[in-house]
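A.B. asks: Quick one: the structure is below, questions incoming.
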Amino acid sequence: MSTNIDVLVGAAQIAMRRAYCPYSNFAVGAALLTKDGKVITGGNVENASYGGTICAERSAVVRAVAEGYREFEAIAVCAAPTEPSSPCGFCRQFLIEFGDMKVIMTSSTSNKRLEMQLSQLLPVSFTSKDLKH
């Protein structure tokens, strides 16, 4: 991985500060590393119609796809609890669509960090392979 993990985490922290979360006040930032080394960020965006809310991880992926990227090496996720926050189940499924990648979970308040592969977070995943007859 050519981009330093600290750079990726720093980008996720900046994205967290830009999150729009007036209802939960639970800001989350994500920084996605493309295979060619570009960092693309996203923050959670809440909506008064709660179902319209999008998590930071999906926000970053949607932005990356809109820019033409489909292959990713890693994603850093940052939130304020003292323990690192893990991507929700919906985000895990959304991420695995683009293959296995390193997931770096961090806390902006304690600087604790947890790293693992997405396949460890979602060991029995449903992917496009399951749609083939």
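Including glycine, each Cβ sits where the backbone N, Cα and C put it.
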A.B. asks: Among CYS55, CYS78, which residue does TrEMBL annotate as binding Zn(2+) together with CYS88, CYS91?
C.D. replies: CYS55
A.B. asks: What recorded positions among GLU57, CYS88, CYS91 are found with a C-alpha within 10 angstroms of that of VAL45 (substrate binding site)?
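C.D. replies: Within 10 Å of VAL45 (substrate binding site): none of them.
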A.B. asks: How many Å lie between the Cα of ASN44 (substrate binding site) and the Cα of CYS55 (Zn(2+) binding site)?
C.D. replies: 4
A.B. asks: Of all the recorded positions given, namely ALA48, SER49, GLU57, which is spatially nearest to CYS88 (Zn(2+) binding site) at the Cα level?
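C.D. replies: Of the recorded positions ALA48, SER49, GLU57, GLU57 has its Cα closest to that of CYS88 (Zn(2+) binding site).
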